[in-house]
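Each remark here refers to the structure printed beneath this line.
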Amino acid sequence: MLSPELGHYALALACILAAAQGILPLIGAHRRDRRVMMLAPGLALGQCFALAVSFACLIYAAVTDDFSVQNVAANSAVSKPLLYKITGVWGNHEGSVLLWALILGICGAAVAAFGRNLPTALRARVIAVLGGVAAGFELFCLTTSDPFARVWPAPMDGQGMNPLLQDPGLAFHPPILYTGYVGFAVPFAFAIAALIEGRVDAAWGRWVRPWAVAAWCFLTCGIALGSWWSYYVLGWGGYWFWDPVENASLIPWLTGTALIHSAIVVEKREGLKIWTVLLAIATFSFSLSGTFLVRSGILNSVHAFANDPARGIFILGLLAVVIGGSLALFAYRAPSLTAGGLFAPISREGALVLNNILLCSICAVVVTGTMYPPFMSLLFDRTISVGKPFFDATTIPLALPLFVFMGFGPMLPWKRAQLWPVLQRLWLAAILTAIAFGVAAYGVSGLLPVLSCGVAVWIIIASVTDITERVKLFRMPLAGSWQRARMLPRSIFGTAIAHAGVGITVLGLAAMSQAQHKIVEVPVGTTEHLAGYDWTLQKVEQAPGPNYTAMVATIEVRHNGALVTVMHPSKRSFNSQNQTTTEVSIHTNLLSDLYGVLGDKHGTDAAPTYVLRLHYNPLAPWMWLGALVMAIGGVLSLSDRRMRVGAPRRAKPISEIGGAA
Amino acid sequence: MSTQDPNKPCLTRRRVMMGVPLAGAAVLGVGFWKMLSGMQQGSFNPHDINAPVLNRPVPDFTLPDQTPGQGFATQDLKALTKPILVNFFASWCIPCLAEMPTLMALKDDLELWGIAYKDRPENAAKFLQHSGNPFTRLGSDRDGRVGIEWGISGVPETFLIGPGGIIRWHSATPLEVETIRQTLIPLLAKLKTP
């Protein structure tokens, strides 16, 4: 029943519905015709349903091994486990574009479902913008990357999946990351709607913020998952390579982080309005360009997608319409938006401005570093590489002050503040930071790691202090503090937790700079010493797998004679794809990772030697744990009543109150 | 009207400022379009940037010593009578580290010359001390200038230099045993029997 043709039809239907959704509500809003405007939610829900059917058809084709579908034949095989048959649907270009469209459809449906308290015209325009963008990408999917194309005669078995992608972490990485990317379409749509209406006010800030925070949570988790994947799959012991694909996800995260902060200023003080609108446009534009430029093959990356310049031209045209169109509208309408009031530099809003300046500077640096090589190559026919040294040298000096200001920013009052009383309240954080500096200077080498350790402790303690000060912990009976804590808005806790998450990540990064590693070429039975552990290579065996043969090593790790763990790093050669992968073995106790990699086999068969790579990575899990804590903070602040767009209004209409009286 | 006059230049300035993002995006867009059309015609290929250097003489350069080896220059490569491998590496590059055992295993069959790319000499020296030093000669490309001349896109990159200093082969990924067996060794055999 769920045939590929039905899926193809549903996709075409979704495209038509999206086009209608992009045009009709705009006309309705322009003519103030309520009936036409009320079409928007229905169209958005319909489009989402059609896309869901289409996606279900593709999954069904993959699960039932329908190799007459070209996409399935090229990426799946009978022997593939069921989980990867499902997740493999979005592991390739065509499927991932369909997933992208589906998530955009869900965003539109979510605005339709949860946006009931928005003014009708604003909601109609927001849904229309989402529909217009969706129509473009569904057209792209239909014309240049059709996931339902048939192949005849159908092959007996598929070609199988890239073994690197056969991994649970990577299976769930794309949906989460895409939800983050695409989620920023909603703030974007709000920005465009505001530009069309020519009005940005505090209410707009309040409406747009939950959507931005939700997308930000997903993007944070997505980036962390991607980094974790490259840590344990690529087997280089690294977690971030400043690769264009990684930068493509970091850039919107930076502007998105700036957006969720500047939207607070719009909401509370009606300031930074034009800037916030621009950030909303920029964040989604960067999300779009990032995901799609990577596929066009312009950016040189280790994460290769099948590149097709013809596809690239279509994408570029689409980007020109979406990004160019929105920026043109911005250039046309933004000058007539009323600018917000001036405010004192030392105040909460002043701190938020500083946050925005620093985040956007980091973003500008990353954009420059990523785009410089292709442009140099285009303009001067010279190739250069911009690597880790450039990014480290430029981003860290901008990030450190950001971390310092993060500590006391949330404690500054609005409008006009005094720095000194706030700093006084942070005496405990200051003392602990000083101790952290001392400890780090003793145990850690290098100036930057020491500074990073210090600021990480500063952020964490300052975030905790923010809460303890607000609930007057130990300055009044505990019951009173508890009462105050319950009265605090959840967004305050959300902020503190998210900031503490940043601190945890920074601490992990700083500790990782102290990671130790060793590469040795040894025969079986040798013991190596690294970071106070004794690593003994016990044996290396051949082990057959379902579609590969593996060479598995057994490494015993002992600390002062006591057995810590037995590791089994392996190297798999896949017969069908002529590819080898290394399976890293990681033992973690949350404070440090022991990380073992089995390399090539050298020497003669009679006396073989094996290359082993051993890493000791202190606090490595904290980098990703911190990101999770940030996302939890975001979710907590989303659960704040003020942030819930769909929250029922508790206040009764005046007429009703009058009637009761 | 008189009240609007002082605002007028301000409004124009604002209009210009609000147009800046559009102008920036347009410049980027035109650049991308040029790249894409170049890729279609084959005149621009970001993945194969080094194609032009193949079968050409090595570029002009001079490299200072990098402990524990002696630096080298264009003339040294042009004076070669047997093929050697030139490898760009850096202590900050993790794939380079992963590549080192392969180079160590290779050094008895093929001479290796190393260039420490954008790296502090002391860091590079420490790196070689830890991972072993497969290189016969070592140059320090502290500011990356020589890397630009060679057209490298990152580290590690490896060039096979034939007799007379001609670039015969190039790899922009870490060398693996498979690559050496399947590509490099047949190529060497061909170079040795002209």
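Indices start at 1 and increase along the chain as displayed.
Cβ coordinates are placed from backbone N, Cα and C, and glycine is handled just like the others.
Feature annotation from TrEMBL assigns domain 'Cytochrome c assembly protein' to A:90-296.
Annotation source TrEMBL lists domain 'Cytochrome c-type biogenesis protein CcmF C-terminal' at A:316-641.
Long-range neighbours of the transmembrane segment (A:6-27) within the same chain, counting only residues 6 or more positions beyond its ends whose Cβ lies under 8 Å from a Cβ of the stretch, are 33, 36-37, 39-40, 43-44, 46-47, 50-51, 53-58, 61, 98, 101, 105, 108, 124-125, 127-135, 138-139, 141-142, 146-148, 196. If you look up TrEMBL, you'll see A:6-27 (among others) marked as transmembrane segment.
Per TrEMBL, the feature transmembrane segment maps to A:39-63 (among others).
Residues or ranges marked as transmembrane segment by TrEMBL: A:97-114 (among others).
Feature annotation from TrEMBL assigns transmembrane segment to A:126-145 (among others). Beyond the ends of the transmembrane segment (A:126-145), by six or more residues, the same chain brings 11-12, 14-15, 17-26, 29, 40-41, 43-44, 47, 51, 93-94, 97-98, 100-101, 104-105, 107-108, 111-112, 115, 118, 185-186, 188-190, 192-193, 308, 310-311, 314-315, 318, 321-322 to within a C-beta distance below 8 angstroms of the stretch.
The annotation transmembrane segment is assigned in TrEMBL to A:176-196 (among others).
Sequence annotations record features per position, and here TrEMBL assigns transmembrane segment to A:250-267 (among others).
Taken from TrEMBL, the feature transmembrane segment applies to A:274-293 (among others).
Residues or ranges marked as transmembrane segment by TrEMBL: A:313-332 (among others).
Cβ atoms under 8 Å from those of the transmembrane segment (A:395-414) belong to residues 268-269, 346-352, 354-355, 358-359, 361-362, 365-366, 422-423, 425-426, 429, 448, 451-452, 455-456, 458-459, 462-463, 465-466, 469, 495-496, 499, 502-503, 506 of the same chain, restricted to positions at least 6 beyond its ends. The transmembrane segment feature in TrEMBL is assigned to A:395-414 (among others).
The list of residues near the transmembrane segment (A:449-467) in space but at least 6 beyond its ends in sequence, with Cβ under 8 angstroms from a Cβ of it, reads 396, 400, 403-404, 406-408, 410-411, 425-426, 428-430, 432-434, 436-437, 439-441, 485, 488, 492-493, 495-497, 499-500, 502-504, 506-507, 509-511, 513-514. What TrEMBL lists as transmembrane segment is A:449-467 (among others).
If you look up TrEMBL, you'll see A:488-512 (among others) marked as transmembrane segment.
The transmembrane segment annotation in TrEMBL covers A:619-639 (among others). Long-range contacts of the transmembrane segment (A:619-639) within the same chain, counting only residues at least 6 positions beyond its ends with a Cβ under 8 Å from a Cβ of the stretch, are 210, 213-214, 216-218, 220-221, 223-225, 227-228, 231, 239, 490-491, 493-509, 511-512, 515, 588, 590-593, 595.
Mean model confidence of the domain 'Cytochrome c assembly protein' (A:90-296) amounts to 89 (pLDDT, 0 to 100 scale). The stretch from A:39-63, A:176-196, A:250-267, A:274-293, A:488-512 with the most CB pairs below 8 A to the transmembrane segment (A:97-114) is A:39-63.
Same-chain residues lying 6+ beyond the ends of the transmembrane segment (A:274-293) with a Cβ under 8 Å from its Cβ atoms: 100, 178, 180-182, 184-185, 187-188, 190-192, 194-195, 200, 205, 208, 212, 247-249, 251-252, 255-256, 258-259, 262-263, 265-266, 299, 315, 318-319, 322-323, 326-327, 330, 334, 337, 339, 356, 367. Long-range Cβ contacts of the transmembrane segment (A:39-63) within its own chain (Cβ-Cβ under 8 Å, at least 6 residues beyond either end) map to 2-4, 6-8, 10-11, 13-14, 17-18, 20-21, 24-25, 28, 69, 71-72, 76, 82, 85-86, 88-89, 95, 98-99, 101-102, 105-106, 108-109, 111-113, 123-124, 127-128, 130-131, 134, 138, 147-148.
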